[in-house]
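Trainee: Straight out of Swiss-Prot:
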- D24, G153, G214, G235, S236: D-ribose 5-phosphate binding site (BINDING)
- K81: active site, schiff-base intermediate with D-ribose 5-phosphate (ACT_SITE)
- R165: D-glyceraldehyde 3-phosphate binding site (BINDING)
Amino acid sequence: MAVTGTERVKRGMAEMQKGGVIMDVVNAEQAKIAEAAGAVAVMALERVPADIRAAGGVARMADPTVIEEVMKAVSIPVMAKARIGHYVEARVLEALGVDYIDESEVLTPADEEFHIDKRQFTVPFVCGCRDLGEAARRIAEGASMLRTKGEPGTGNIVEAVRHMRKVNAQVRKVVSMSEDELMTEAKNLGAPFEVLLEIKRLGRLPVVNFAAGGVATPADAALMMHLGADGVFVGSGIFKSENPEKYARAIVEATTHYEDYELIAHLSKGLGGAMKGIDISSLLPEQRMQERGW
């Protein structure tokens, strides 16, 4: 029998969300909308990434009251974010009973050198990555699910596309290498050799990799599935749109039926305005959340 909190169990829990949509919510009402639309999980926050970006300052773990309200409102899994390197925030979230913890670059990092040792927790962790080096380091630390970093709160899919393509291209390269070449590749990527060896033997990443950071429309979600995403996170794209209920349902349907272009065309009709987007080139270096983490 598998033991609660083992790597196998935690990875299996994340695998159960495959093919689905995970939505950011800030209260019980939004959580109910997400669940009714078919979300496989919700991410409980005080503010969606677009509002965190607009407010500036230091972004921290959400008030536990908000998280508990969301947990009571829905029957689907509830995730919550901890700051990069903030071990105590993660322990608090675990004590609250959340189903997953996202060690997230959307929040202001608490440690500029170390990420959380996720192997010490029974709850599974989600982490962002831009390339295979970051992905492998997070897996070695105990991450059970990955997601592209994209550029959160922008409604601009370009960075999520870049990150998904890069990770997948690097995975293909590793799979094609002989085992004696992997040590040099591990050095080049700053990645643990054992993780690359596992990727080579499996022919893929050992954990699921979702798309996140800039998904704003049904077509965006379908695009990321075409590029090899195992599922989709939608942060600001739902509740910053003109019609959250319609957008939520449409994005869930487009994620499931991402190869049915007639359906996606139908889903895209009459939705109202998508969230206002931001051109990535207009962001200052310190405004680029994807740069957080190492």
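Counting begins at 1 with the first residue displayed.
Quick reminder: no glycine exception, Cβ is built from N, Cα and C everywhere.
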Trainee: Given R165 (D-glyceraldehyde 3-phosphate binding site) and G153 (D-ribose 5-phosphate binding site), what distance in Å do their CA atoms have, once rounded to a whole number?
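Mentor: About 20 Å separate the Cα atoms of these two residues.
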Trainee: Does DSSP give K81 (active site, schiff-base intermediate with D-ribose 5-phosphate) helix, strand or coil?
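Mentor: SS state of K81 (active site, schiff-base intermediate with D-ribose 5-phosphate) = strand.
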Trainee: Could you state, as a whole number of Å, the largest distance between Cα atoms of any two of D24, G153, G214, G235, S236, the listed D-ribose 5-phosphate binders?
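Mentor: Spelled out: the longest distance between any two Cα atoms in D24, G153, G214, G235, S236 is 13 Å.
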Trainee: Once the DSSP letters are reduced so that anything not helix or strand counts as coil, what is D24 (D-ribose 5-phosphate binding site)?
Mentor: strand
Trainee: Distance check, please: Cα of G214 (D-ribose 5-phosphate binding site) against Cα of K81 (active site, schiff-base intermediate with D-ribose 5-phosphate), rounded to an integer number of angstrom.
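Mentor: Counting only the Cα atoms, the answer is 18 Å.
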Trainee: Long-range same-chain neighbours of D24 (D-ribose 5-phosphate binding site), Cβ under 8 Å, sequence gap at least 6?
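Mentor: The answer is V42, M43, L45, V48, P49, F233, V234, G235, S236, I238, F239.
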Trainee: Can you give me the Cα-Cα distance between G153 (D-ribose 5-phosphate binding site) and K81 (active site, schiff-base intermediate with D-ribose 5-phosphate) in Å, rounded to a whole number?
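Mentor: Rounded to a whole number, the Cα-Cα distance is 15 Å.
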Trainee: Write out the long-range same-chain contacts of K81 (active site, schiff-base intermediate with D-ribose 5-phosphate), meaning residues 6 or more apart in sequence whose Cβ is under 8 Å from its Cβ.
Mentor: M43, L45, M61, A62, I101, D102, E103, S104, V106, L107
Trainee: Would you mind pulling the DSSP three-state label for G214 (D-ribose 5-phosphate binding site)?
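Mentor: In the DSSP reduction, G214 (D-ribose 5-phosphate binding site) maps to coil.
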Trainee: List nothing but the one residue from G153, R165, S236 whose Cβ has the fewest other Cβ atoms within 10 Å; the candidates are the binding-site residues.
Mentor: R165
